[in-house]
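Q: Here's a structure for you.
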Amino acid sequence: MKLSRQFTVFGSAIFCVVIFSLYLMLDRGHLDYPRGPRQEGSFPQGQLSILQEKIDHLERLLAENNEIISNIRDSVINLSESVEDGPRGSPGNASQGSIHLHSPQLALQADPRDCLFASQSGSQPRDVQMLDVYDLIPFDNPDGGVWKQGFDIKYEADEWDHEPLQVFVVPHSHNDPGWLKTFNDYFRDKTQYIFNNMVLKLKEDSSRKFMWSEISYLAKWWDIIDIPKKEAVKSLLQNGQLEIVTGGWVMPDEATPHYFALIDQLIEGHQWLEKNLGVKPRSGWAIDPFGHSPTMAYLLKRAGFSHMLIQRVHYAIKKHFSLHKTLEFFWRQNWDLGSATDILCHMMPFYSYDIPHTCGPDPKICCQFDFKRLPGGRYGCPWGVPPEAISPGNVQSRAQMLLDQYRKKSKLFRTKVLLAPLGDDFRFSEYTEWDLQCRNYEQLFSYMNSQPHLKVKIQFGTLSDYFDALEKAVAAEKKSSQSVFPALSGDFFTYADRDDHYWSGYFTSRPFYKRMDRIMESRIRAAEILYQLALKQAQKYKINKFLSSPHYTTLTEARRNLGLFQHHDAITGTAKDWVVVDYGTRLFQSLNSLEKIIGDSAFLLILKDKKLYQSDPSKAFLEMDTKQSSQDSLPQKIIIQLSAQEPRYLVVYNPFEQERHSVVSIRVNSATVKVLSDSGKPVEVQVSAVWNDMRTISQAAYEVSFLAHIPPLGLKVFKILESQSSSSHLADYVLYNNDGLAENGIFHVKNMVDAGDAITIENPFLAIWFDRSGLMEKVRRKEDSRQHELKVQFLWYGTTNKRDKSGAYLFLPDGQGQPYVSLRPPFVRVTRGRIYSDVTCFLEHVTHKVRLYNIQGIEGQSMEVSNIVNIRNVHNREIVMRISSKINNQNRYYTDLNGYQIQPRRTMSKLPLQANVYPMCTMAYIQDAEHRLTLLSAQSLGASSMASGQIEVFMDRRLMQDDNRGLGQGVHDNKITANLFRILLEKRSAVNMEEEKKSPVSYPSLLSHMTSSFLNHPFLPMVLSGQLPSPAFELLSEFPLLQSSLPCDIHLVNLRTIQSKMGKGYSDEAALILHRKGFDCQFSSRGIGLPCSTTQGKMSVLKLFNKFAVESLVPSSLSLMHSPPDAQNMSEVSLSPMEISTFRIRLRWT
């Protein structure tokens, strides 16, 4: 009977899928591309081409639907096996017995139609695919003559007879918000004078132009200037003499920031511009980030930009693009099925953005046209020939010399419109430079423009002036539907500016602050969401103590400090020591102030009678359970003081948009503890020792861990009191390689001289074996009972003995990584408990811990890995964690870009070791036809795969010398640094490896996406400080901010309160930012237990929030700059895969 029922279920499922597949093909067969925003791709010409395209498309659909049927068949079989096996509890650990845990959800959660996107992505050919470009380039670096990294450029004198060369000389000043000086010091010494002189000198002549990028500096100057000067700036913007480019808070790094922070600093800058200047930037300007990410191109496109410019790209790629005239291209996302993400990008062709490298290929000549370097000044030309002031006597010869460079540079492009930037770091701070540059160039312009035989039109311009002229020229010569510019997909990492000098060191430099940055992002997002919803309650109940609080001002300051840290010399770890301290102090202060906002907002939301709300300006009612004592110290758990008489209240916030089963761990002062759920029932608790050091157990603190089930964006209240409880269980310990006895106290601690037999821990999904050093050796996935080699080891990289060595920017190793060697077997501590088990290995420079949670669901399916790294006593070394497996990834691996998308990588033997290191923001993985091994990260670091089956992650680097890129120091201010990871091993199904090798795109699984989100957005436990003020103060037992979980593939990026148009307060609107993630379905699905489903990107917003009415919802551009002309109030949103969409939302508490 049971077997018959299983076949009925299976047969019904197959029947439904076949019928659905036929419907899907009929519905879509006449289309070449999916509906929605990606219909813009170019269509084939001619009837035969169209017919062939349709046949190919139907073949793809048949293959995709066969794949769906295969996946569902596997799922039904797995489901029937689960029924056959009966319910499975946790096997627990031998010493602990068993424990009843939540059963997994049904495994089949993804709508089969949502699986089509990943299989189609990358099917559209590009003109330029960066993975292919790497195959084409020899990377041989021959001497190119005056253009050392290029080639000799020639032209014919009559090439401009029919169309003159149009040159835009673009004055600019690159102002780092911190590098060799702090942000404030640079402003005091340089930047304020640049602005002041800009106003004076641009007003002198309407033909003069200037560009500005960093809004952090502009906002600081705006606060101290008078109204006439403000009006002058507005006038300059209005008449086109001044242009704001990009308009973010900073010019961010593009390798290490998460897309959350990239968007946030863009919004902060654009909101400031809208409020104070009423301008909307059109063009992106990124001349100094050390490599470029397509994520930034996508964000600019969705913010409403038409064009962008980049500079720091590998010199061999610049040469290749110059030879093929592909320096200007439409940058298209790898995953785009059409052309909806195209943005016109200009790549500067030469070594640097300074004046010697921007007029043409010969820096010796171009330097002579940087008039700040005239004899008698502080700067000269390193090529030995100084500039000459322009006079009637030399203007002809000097103009000819400069025009020759312009013409040669123009030969690298496809039009006769040329961009010639004129600037450098902190330029135009003195009025004398304005005079020298402007007056000398004005004489050159005047002469050139007055000589028809020169066939040139030259003027000062801005970046948009250039792009406008470029588009006009292209429109004039466009004769067919084919674009003048190629479509390009891929990224521009890893950057090298010369020789084998790859800038892969900064992916890891100062990792302490990279981790602090990610914590800050999670906290600011939590604060934004809680504050917006608490604000609506406060407005409804007229709670003036909340409404009049400085929370919005504090939140704005935190946004700006986070934005400042995305600067390309901040999060990168490439600033002077004291500048790093300044950044760290800003983050630290904002973390503290965010805790107050989170605590006060959560307290109001969880309070039953809102009118009883009180606020102490000096502290929050609800306090975080961790405290960081200084900007460079690790966060520590506070110890909650318990008593038997009065319970302590613990409020746990789930900042994630799905309901969640996760472990909460807190510290208390008593081992006899009872935790009561919101229903008043005791919950299962693991009481673990708090270790003062390797062998000493604290008598003052105990760790209490329990499983909490919290609704999406939900707050839940637990009561904790000192009491004997049958639901409380002590953890057991085994100490290996222990040469001294540990004090047991109340815990059972077993001492072993050495490990002897293998050390093992397990949970319902995984069993792990460790060697006698406490390092992982192999893993068994209980889903299929197969054992997999999975070895963890640590390595050292040194630095080369050549003249140029590793520094803050560069990674220049002395060869392959060398194994970390301990003189004797390290001390190993094994914890086994009801809620979790772990193995901790104590090496001299790393405390390495692998933990398994004994829970069903998402967090039970991966291994948590934490490393406390301390290399403060080493010299010129970099420490790496390597994970080795038998996966045959064939030199192909994958790293994410900005936590947004996955970029395939290849380990290339023709490149040096350091070139094969890439940025990893949230994950890296390797795979073969059967398995995928993913390392998920809670901080940005460098990652690589130096051999088949391996993933390496760089954890810290200590370098004693400068690497000659301007910093003037090494990196030796190392901190004790906590790195946090998860390792996920997944079984793949229905994989075509040949197709996969050709694909320029890849996607995480849904399980991987959610594991990453859990890692980066942990539960936030908060303790009620003291007791409730009076019996009238009652807390709700639970308050879900959402009515139900969002679809599995939709992430609520932020709910950001929008500023008021007047004053410094808030408006009644918020920015709702949603991201629909692309995911891969080719994984065995048994037991995943996702707490959500997918819905083809459709979501009703009217039913989104719990007890908050949506009064209006209007689509907007990403950074709130633009609203569609036909924007209307919406009740349902429909998101395409991979898209990030912003809406203006107005909420009201009901």
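Using N, Cα and C of the backbone, Cβ positions are placed for all residues, glycine too.
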Q: Going by Swiss-Prot alone, which of SER75, SER80, SER1131 is annotated as phosphoserine?
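A: The candidate carrying the phosphoserine note in Swiss-Prot is SER80.
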Q: If Swiss-Prot gives HIS174, ASP176, ASP288 as binding Zn(2+), which of HIS501, HIS551, HIS568 does it give for that site as well?
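A: Among HIS501, HIS551, HIS568, only HIS568 appears alongside HIS174, ASP176, ASP288 as Zn(2+)-binding in Swiss-Prot.
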Q: Compute the mean position of the Cβ atoms of HIS174, ASP176, ASP288, HIS568, which form the recorded Zn(2+) site, and then list in sequence order the other residues of that chain whose Cβ is within 8 Å of it.
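A: After dropping the recorded site residues, what remains is ASN175, TRP179, MET251, ILE287, PRO289, ASP425, HIS567, ASP569.
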Q: Kindly state the mean pLDDT of the topological domain 'Cytoplasmic' (1-5) in the predicted structure.
A: 44
Q: So how many other Cβ atoms are close to ASP288 (Zn(2+) binding site), meaning within 10 Å of its Cβ?
A: 19
Q: Look up HIS568 (Zn(2+) binding site) in the DSSP assignment and report helix, strand or coil.
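A: Once the DSSP labels are grouped into three classes, HIS568 (Zn(2+) binding site) ends up as coil.
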Q: So, in DSSP terms, is ASP288 (Zn(2+) binding site) helix, strand, or coil?
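A: Looking at the DSSP assignment, ASP288 (Zn(2+) binding site) belongs to neither helix nor strand, so coil.
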Q: Let me know how many other Cβ atoms fall within 10 Å of the Cβ of HIS568 (Zn(2+) binding site).
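A: A count of 25.
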Q: According to DSSP, collapsed to three classes, what secondary structure does ASN1129 (N-linked glycosylation site) have?
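A: Reduced to three states, the DSSP call for ASN1129 (N-linked glycosylation site) is coil.
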Q: Reported as an integer number of Å, what is the Cα distance between ASP176 (Zn(2+) binding site) and ASN1129 (N-linked glycosylation site)?
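A: The separation of the Cα atoms works out to 41 Å.
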Q: Could you give the Cα-Cα distance between HIS174 (Zn(2+) binding site) and ASN1129 (N-linked glycosylation site), in whole Å?
A: 41
Q: Given a separation of at least six residues and a C-beta threshold under 8 Å, show me what packs close to ASN1129 (N-linked glycosylation site) in the same chain.
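A: Listed in sequence order: SER1112, LEU1113, VAL1114.
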Q: How many neighbouring Cβ atoms, not counting its own, are there within 10 Å of the Cβ of ASP176 (Zn(2+) binding site)?
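A: Neighbour count, Cβ to Cβ under the 10 Å cut-off: 25.
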